[in-house]
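*Asks:* As annotated in TrEMBL:
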- 12-450: domain 'Major facilitator superfamily (MFS) profile' (DOMAIN)
- 48-68: transmembrane segment (TRANSMEM)
- 80-99: transmembrane segment (TRANSMEM)
- 105-125: transmembrane segment (TRANSMEM)
- 145-165: transmembrane segment (TRANSMEM)
- 171-192: transmembrane segment (TRANSMEM)
- 261-282: transmembrane segment (TRANSMEM)
- 302-319: transmembrane segment (TRANSMEM)
- 328-349: transmembrane segment (TRANSMEM)
- 361-385: transmembrane segment (TRANSMEM)
- 425-446: transmembrane segment (TRANSMEM)
Amino acid sequence: MPLSPKIYTWLCGLFAALGSVTFGYDLGIIASILPAEDFIATTGNPDATAQGLIVGCLLLGAFASNIYVGDLADMVGRRVAILAGCIVFLLGGGIQAGAQNIHYMYGGRFLAGMGIGMLAMLAPLYQAEIAHPSIRGRLTTLQQFMLGIGALIASFIGYGCYHGLTGPAQWRVPLAIQLLPAIPLAFFILLLPESPRYLAMKDRNEEALRVLARLHAHGNVHDPFVVSEHKEILAQVQIERLETRDAWAQLFLVKSNFRRLLLGVAIQFSIQLTGVSVIQYYAPLIFESIGIDTSTTLGLQSGNSVIALIGEACCIWFIDRLGRRGPFIWGNALSGLTFVIGTIIIAIYPASTNNGNAARAFVAMTWLFNLVFSSCLGPLSWAIPVEMFNSATRARATAITSSAAWLSNFMIAQVSPIAFDRVGWKYYIVFAICGFSNALFFWAFLPETKGIPLEELDAYFKSVPIFVPGSQVRAPEDANHREEELRQGKVIIQERAESDIMDEKEKGTIEHVA
């Protein structure tokens with residue numbers, strides 16, 4: 001019995017997200033690497049600033065990759081660009097595992113970061129472009145789910161190596177293991193279908209039709225939904241060529257594009273202001289301030305990773321049911337609340353009080369924060385920006401929004417050790433406030449994008465007012481109902497000549513004639 005088209009598409013997206021396992025692993029493993037005695041000796045006993053730079057070089061590399069990855073994806077295709085990201089990551093990971101001094105770590109982390117930045121941007125881009133509208137949210141949130149799997153693996157391997165190994169193996173082995181997920185991805189990514197929207201951009205129209213049929217109709221190129229989707233993609237590409245001959249300029253000069261770009265940057269920057277990276281990178285330092293030692297902390301982080309995975313699985317389940325806007329707003333507010341409670345606990349019961357109940361309550365707050373973040377914030381921070389743009393600007397726009405993630409992440413990595421040293425628990429107040437300010441901002445300005453076909457988002461964003469609450473905007477069309485009508489032949493997309501496409505430039509959307 002052949003696989004359902006949606007399951008086949010979902011599996012393609014799942015495999016493409018394999019690079020996110022390396023991302024999650026690399027983010028998670030550094031907490032167990034920094035305290036290792038041989039690592040400290042090999043890197044010259046780095047101070048807080050140098051430790052922050054070791055963490056931050058990964059993020060700087062990821063930021064640097066976003067300068068070129070959008071153009072690369074549009075030039076050679078999504079699959080080849082993913083292959084290039086794997087190669088760069090493998091080179092950087094190898095240098096880290098064989099590091100002889102701190103400069104090797106800086107260089108290896110930077111290169112690995114370039115590879116991770118490419119994979120983190122390209123996976124949701126590819127997923128969004130192959131997905132049926134009814135499962136697009138579930139597919140693009142796989143990015144964070146696979147990241148969570150990587151972090152879970154890192155927490156157990158880090159804990160085991162910290163306790164079970166000594167000397168150089170204590171930190172070189174866990175750094176070498178990070179190479180494993182990238183190897184099958186590099187070998188097999190070219191066996192997956194290319195993005196049909198990329199193929200249409202390159203005038204490979206028949207190939208785009210065959211890929212759509214393969215993804216959505218068991219290879220039947222005459223399927224009504226496939227034919228309809230193919231015509232809509234081709235028409236949209238023609239409109240985009242007329243309207244967006246210079247995609248970079250159009251991102252900044254077209255009002256609706258610039259609005260979406262600012263929203264995407266705000267989403268990615270706001271994620272770091274929740275405090276997630278502080279907990280991820282500096283857990284031993286944080287838990288030490290309330291009386292928990294490094295060994296116990298690494299064990300607690302393993303439990304935290306399991307909770308994150310549960311949250312990410314919940315997000316995959318509800319994303320195409322509840323939408324994006326509501327969970328993202330409430331998730332920010334709840335994350336701020338957990339930091340308020342955690343800050344009060346650590347201010348009243350520091351390590352010197354040796355209060356076990358307070359320590360357990362603080363751990364519970366970090367776990368609750370992680371559940372909220374993983375179910376409502378982390379996955380959506382990648383899913384929302386990638387689905388807001390049209391084919392001509394999507395790769396470049398996603399590169400810019402991802403850059404915001406890496407820059408803000410680097411800022412937190414650099415500032416946090418110094419902040420802990422200077423102001424201690426008061427540093428957490430920043431994240432308590434930002435959780436609520438994030439919620440207020442996105443309540444005001446973030447529209448819902450659930451279920452809207454990618455080709456219709458341009459017209460949708462032109463119709464949604466900047467201040468979203470109370471606006472009268474049509475409810476997103478149910479994608480499953482739309483597909484059923486197409487398969488029954490009730491919806492016909494009218495063929496147009498070049499002159500008609502010029503008219504569409506004025507109208508801003510493709511007419512559906514029943």
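Cβ atoms here come from the backbone N, Cα and C positions, even for glycine.
Describe the structural surroundings of these features, if you would.
*Replies:* When Cβ-Cβ distances below 8 Å are used as the criterion, the transmembrane segment (105-125) is approached by residues 13, 16-17, 19-20, 22-23, 26, 43, 53-55, 57-66, 69-70, 72-73, 78, 81-82, 84-97, 99, 140, 142-143, 178, 182, 185, 195, 382-383, 386, 394-395, 398-399, 402, 406 of the same chain, each at least six residues removed from its ends.
The list of residues near the transmembrane segment (145-165) in space but at least 6 beyond its ends in sequence, with Cβ under 8 angstroms from a Cβ of it, reads 14, 17-29, 31-33, 35-36, 171, 173-174, 177-178, 181, 280, 294-295, 298-299, 301-302, 304-306, 308-309, 311-313, 315-316, 374, 378-379.
Residues 28, 137-138, 141-142, 144-145, 147-149, 151-152, 154-156, 159, 279, 283, 327, 366-367, 370-376, 378-380, 383, 450 of the same chain lie 6 or more positions beyond the ends of the transmembrane segment (302-319) yet place their CB under 8 Å from a CB of it.
Long-range Cβ contacts of the transmembrane segment (328-349) within its own chain (Cβ-Cβ under 8 Å, at least 6 residues beyond either end) map to 267, 270, 274-275, 289-290, 355, 358-359, 361-362, 365-366, 368-369, 372-373, 375-377, 380, 384, 425, 428-429, 431-436, 438-439, 442-443, 446.
Sequence-distant neighbours of the transmembrane segment (361-385) (same chain, 6+ residues past either end, Cβ-Cβ under 8 Å): 120, 124, 137, 140-141, 143-145, 147-148, 263-264, 267-268, 270-271, 274-276, 279, 286-287, 290, 292, 300, 303-304, 307-312, 314-316, 318-319, 324, 327-328, 330-332, 334-335, 338-339, 341-342, 345-346, 397-398, 401-402, 405, 446, 449.
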*Asks:* If I count Cβ-Cβ pairs under 8 A between the transmembrane segment (261-282) and each of 80-99, 171-192, 425-446, which range comes out on top?
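*Replies:* Result: 425-446.
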